[in-house]
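Participant: One structure coming up, written as structure tokens, with questions to follow.
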Amino acid sequence: MTEQPGVVVTGVSGRMGQMLVREILAHDKLRLVGALERAGHDWVGRDLGEAMGAAALGIAVSDDALEVFAKAQAVIDFTAPAATVEFAALAAQARAVHVIGTTGMTEEDLQKIHVAARHAVIVRAGNMSLGVNLLTQVTKQVAAALDADWDIEIIEAHHNRKVDAPSGTALMLGEAAAEGRGVDLDEVSDRGRDGITGARKKGDIGFHAVRGGDIVGEHEVLFATGGERISIKHMASDRSLFARGALKAALWGQDKAPGEYDMLDVLGLKG
Ligand SMILES: NC(=O)C1=CN([C@@H]2O[C@H](COP(=O)(O)OP(=O)(O)OC[C@H]3O[C@@H](n4cnc5c(N)ncnc54)[C@H](OP(=O)(O)O)[C@@H]3O)[C@@H](O)[C@H]2O)C=CC1
Ligand SMILES: O=C(O)C1=N[C@H](C(=O)O)C[C@H](O)C1
């Protein structure tokens, strides 16, 4: 690499958007070259640093994705599913590595991202932290070692502004548990019980979402059987760990062939 890769942050006024800006400005191998918000947002046209309540950065917040992506080697995107699907096509057109942290995507959204990955590197993960990605591997191993007499429940907790449930991380953990057990998650998933549900169905993987206050992100995988329980838990107390994972992915992707990757690839954890 001759020059530091230039990065654009989408959804720049958001919780993750602002955290990403701070982490990129402090990074010694990446430089910030653009900031994007949706059309009509009151940050558009303003200097990014000033909009964040700090010193001017000389970068105006834009609402023109293709124009800013054209200047970048990486686009880091923690926004919303509809925006991310649109950005995937535009980042591919600009041949920029697209790092996607957005959660709550449908199968149809994922299919469009798959199409965009024919022409560019896309790294997507419901959680960019080392701890959670390790937890997925541990969950897969434990699930593979236990039979269906062990009930698996996934409990997640997040802040009161989160719009999707179960969290992207909970779904990653559910996929890992299902893979370990050799079953299809779609066939065994049981989300948020309510009312006269009947007894628990053997083999199901349950999901439960807590929302409150400023919880950054907590995930527990519970394996329960007669007389004993195993609980494996990850607690995030600072969003910067997600941002740092995303920056690692942006750098990692620079010399990779077009395709879809995840944080296990980036962290070298794929078994
Ligand atoms: N993978 C991971 O490690 C993590 C993933 N996430 C995920 O990241 C996403 C964002 O989370 P968070 O930062 O907390 O959410 P926020 O709501 O704080 O931020 C989202 C930002 O995206 C903006 N946005 C929405 N649509 C567009 C668009 N079309 N163009 C440009 N910007 C747009 C929003 O603007 P406006 O508010 O005006 O609509 C907002 O500024 C969620 O899906 C969350 O689950 C979060 C943390 C870690
Ligand atoms: O919305 C959030 O905040 C988070 N979202 C991700 C998810 O859906 O799992 C990751 C993290 O837990 C924070």
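Each residue, glycine too, has its Cβ placed from N, Cα and C.
Curation plays no part in TrEMBL annotations; they are all automatic predictions.
The NAD(+) binding site annotation in TrEMBL covers GLY11, VAL12, SER13, GLY14, ARG15, MET16, GLU37, GLY101, THR102, THR103, ALA125, GLY126, ASN127, MET128. According to TrEMBL, the feature NADP(+) binding site maps to ARG38. Residues annotated as domain 'Dihydrodipicolinate reductase C-terminal' in TrEMBL: 131-267. Here TrEMBL flags HIS158 as active site, proton donor/acceptor. The (S)-2,3,4,5-tetrahydrodipicolinate binding site annotation in TrEMBL covers HIS159, GLY168, THR169. Per TrEMBL, the feature active site, proton donor maps to LYS162.
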Participant: If you run through the domain 'Dihydrodipicolinate reductase C-terminal' (131-267) with DSSP, how many residues end up as helix, strand and coil?
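Facilitator: Computed counts for the domain 'Dihydrodipicolinate reductase C-terminal' (131-267) are 54 helix, 39 strand, 44 coil.
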Participant: Whose Cβ lies within 8 Å of the mean position of the Cβ atoms of HIS159, GLY168, THR169, the (S)-2,3,4,5-tetrahydrodipicolinate site, other than those residues?
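Facilitator: Here the nearby residues are THR103, GLY126, ASN127, GLU156, HIS158, LYS162, ASP164, SER167, ALA170, GLY217, HIS219.
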Participant: Which one of these binding-site residues has the most other Cβ atoms within 10 Å of its own Cβ: GLY11, GLY168?
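Facilitator: Per the Cβ count within 10 Å, the most buried is GLY11.
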Participant: Select, from THR102, HIS158, HIS159, THR169, each of the recorded positions with a Cβ positioned under 6 A from at least one atom of ligand 1; if none does, say none.
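Facilitator: Only THR102 qualify.
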Participant: Based on Cα distances to GLU37 (NAD(+) binding site), point out the closest of the recorded positions HIS159, LYS162, GLY168.
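Facilitator: For GLU37 (NAD(+) binding site), the closest Cα among HIS159, LYS162, GLY168 is found at LYS162.
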Participant: Check the Cα distances from THR102 (NAD(+) binding site) to each of the recorded positions HIS158, HIS159, THR169 and keep only the ones within 10 Å.
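Facilitator: Qualifying among HIS158, HIS159, THR169: none.
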Participant: If the criterion is a C-beta within less than 6 angstroms of any ligand 2 atom, which of the recorded positions ARG15, GLU37, LYS162, GLY168 pass it? List them in sequence order.
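Facilitator: LYS162, GLY168, by Cβ distance under 6 Å.
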